[in-house]
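Novice: Structure in structure tokens, see below.
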Amino acid sequence: MSKVSGSNGGDSKNTLYCSFCGKSQHEVRKLIAGPTVFICDECVELCMDIIREENKTSMVKSRDGVPTPQEIIKVLDEYVIGQQQAKRILSVAVHNHYKRLAHAAKSSDVELAKSNIMLVGPTGCGKTYLAQTLARIIDVPFTMADATTLTEAGYVGEDVENIILKLLQAADYNVERAQRGIVYIDEVDKISRKSDNPSITRDVSGEGVQQALLKIMEGTVASVPPQGGRKHPQQEFLQVDTTNILFICGGAFAGLDKIISARGEKTSIGFGATVRAPEDRRVGEVLRELEPEDLVKFGLIPEFIGRLPVLATLEDLDEDALIQILSEPKNALVKQYQRLFEMEDVELNFHEDALREIARRAIVRKTGARGLRSIMEKILLDTMFELPTLEGVREVVISEEVVKGTARPLYIYSERSEEKTNVSA
């Protein structure tokens, strides 16, 4: 196939048009010629999106109608960079959970218990995003709760039944669908016991919340009002069985690496023991050695940890991983901003050293991947403010100096590029 791109001048009779959307060669970046038809770059991208969606829906399923672990991890790889071990653990756990539900109707002497999941990793390493992506792959209702807002029933704050209410809302009040959903509880490290010593003051937002979560995580019939909380006691309650709801808990657990290291030091005493200074090891490397007893020392009660038998630890993201996150996934930040600029018919490009500088700044802020968007917003703010009123801008280039704040983005105008083409010709 030959590639046809025309200049803005010339006879309109010679202007070529896309056979699919009808746009002229001047309205698109590229026009590709076939034997009798033309297709523009925008239609090619649209076709690719349709094919990707169809591939996702025609995902290979196991005999139980549940996506296989290999298929789950394949889709996760498209959206989440790195964290291979965590993705492997999650794909197996989710596959087994929904396989268990597929066989629940069949009579068996062996009752398969539910395996809820605990995700442990630094801030911004992808815990929440992994849980959201899993729910999309399996196509089940998903809701997220912040553990810091939860309190025991009867106290000011959100009670745990509100989590089930949110899931029901995500399922459009379809109780059957809600009972097969996924609940992600974030910041569970913030509900650790405040102290090992008993106190006359009740710990309603720490151990009290852990106790309240035990029942719904293990499986109970929760009475949920359709329209929110404890404020309308006269309303008819909906009965939601939480037995088959998959609970995924996540937290950064700041300081947990020190507890693990201290335990490791006790076990590595003696001749021939390899000793590495704690400061030589990254947080993610230390977290790989996590045991349930470490979470007990951190402040989670043993009964709560017992309801979360699958432990997955995530690595802290280094510079290279953050650069990949910026540019490689399907909905990478760079691609998102490029799409925004395309709406103004402007091409946005980043130098490699600019992406590296953005990654460095996120590491300094200690916000992981979560901090990348705020950095990008700051860099592109003035450009996005000016662009709608500027005429003739064809391309915007972001260099390392722009990220550092020592230079402005480079604007390339279509008139200039045409003049250069005419001169060289």
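Easy rule for this one: first residue shown is 1, then count along the chain.
Using the three backbone atoms N, Cα and C, a Cβ is placed for every residue, glycine included.
Feature list, courtesy of Swiss-Prot:
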{"type": "BINDING", "residues": "CYS18, CYS21, CYS40, CYS43", "note": "Zn(2+) binding site"}
{"type": "BINDING", "residues": "PRO122, THR123, GLY124, CYS125, GLY126, LYS127, THR128, TYR129", "note": "ATP binding site"}
{"type": "DOMAIN", "residues": "6-59", "note": "domain 'ClpX-type ZB'"}
Novice: Provide, as an integer number of angstrom, the distance between the C-alpha atoms of CYS18 (Zn(2+) binding site) and PRO122 (ATP binding site).
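Specialist: About 48 Å separate the Cα atoms of these two residues.
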Novice: Return only the integer: C-alpha distance in Å from CYS43 (Zn(2+) binding site) to TYR129 (ATP binding site).
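Specialist: So the Cα of TYR129 (ATP binding site) lies 30 Å away from that of CYS43 (Zn(2+) binding site).
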Novice: Under 8 Å Cβ-Cβ from THR128 (ATP binding site), six or more apart in the same chain: what's there?
Specialist: MET144, TYR184, ASP186, GLY250
Novice: Using the structure shown, find which entry in CYS18, CYS21, CYS43, CYS125 (the binding-site residues) has the sparsest Cβ neighbourhood within 10 Å.
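Specialist: It is CYS21 that, of the binding-site residues CYS18, CYS21, CYS43, CYS125, has the fewest other Cβ atoms within 10 Å.
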Novice: Setting PRO122, THR123, GLY124, CYS125, GLY126, LYS127, THR128, TYR129 aside, what same-chain residues sit with their Cβ within 8 Å of the center of the Cβ atoms that define the ATP site, listed in sequence order?
Specialist: GLY121, GLY250, ALA252, LEU314, GLY368, ALA369, ARG370
Novice: Whose Cβ, among the binding-site residues PRO122, GLY124, GLY126, has more other Cβ atoms within 10 Å than any of the rest?
Specialist: GLY126
Novice: Out of the binding-site residues THR123, GLY126, LYS127, give me the one sitting nearest to CYS40 (Zn(2+) binding site) by CA distance.
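Specialist: Of all the candidates listed, GLY126 is nearest in space.
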Novice: Three states by DSSP: which one describes CYS40 (Zn(2+) binding site)?
Specialist: strand
Novice: What's the number of neighbouring CB atoms sitting within 10 A of the CB on THR123 (ATP binding site)?
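Specialist: I count 16 other Cβ atoms within 10 Å of it.
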Novice: Neighbour count, 10 Å Cβ-Cβ cut-off, for LYS127 (ATP binding site): what number do you get?
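Specialist: Summing over all protein chains shown, LYS127 (ATP binding site) has 25 other Cβ atoms within 10 Å.
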Novice: Between GLY126 (ATP binding site) and CYS21 (Zn(2+) binding site), how many Å separate their Cα atoms?
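Specialist: Between the alpha carbons of GLY126 (ATP binding site) and CYS21 (Zn(2+) binding site) there are 38 Å.
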Novice: Hey, which of the binding-site residues CYS40, TYR129 is the loneliest by Cβ count within 10 Å?
Specialist: TYR129
Novice: Name them in sequence order: residues not among CYS18, CYS21, CYS40, CYS43 whose Cβ is within 8 Å of the mean position of the Cβ atoms defining the Zn(2+) site.
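Specialist: Going along the sequence, the neighbours appear as SER19, PHE20, GLY22, LYS23, VAL28, LEU31, PHE38, ILE39, ASP41, GLU42, VAL44.
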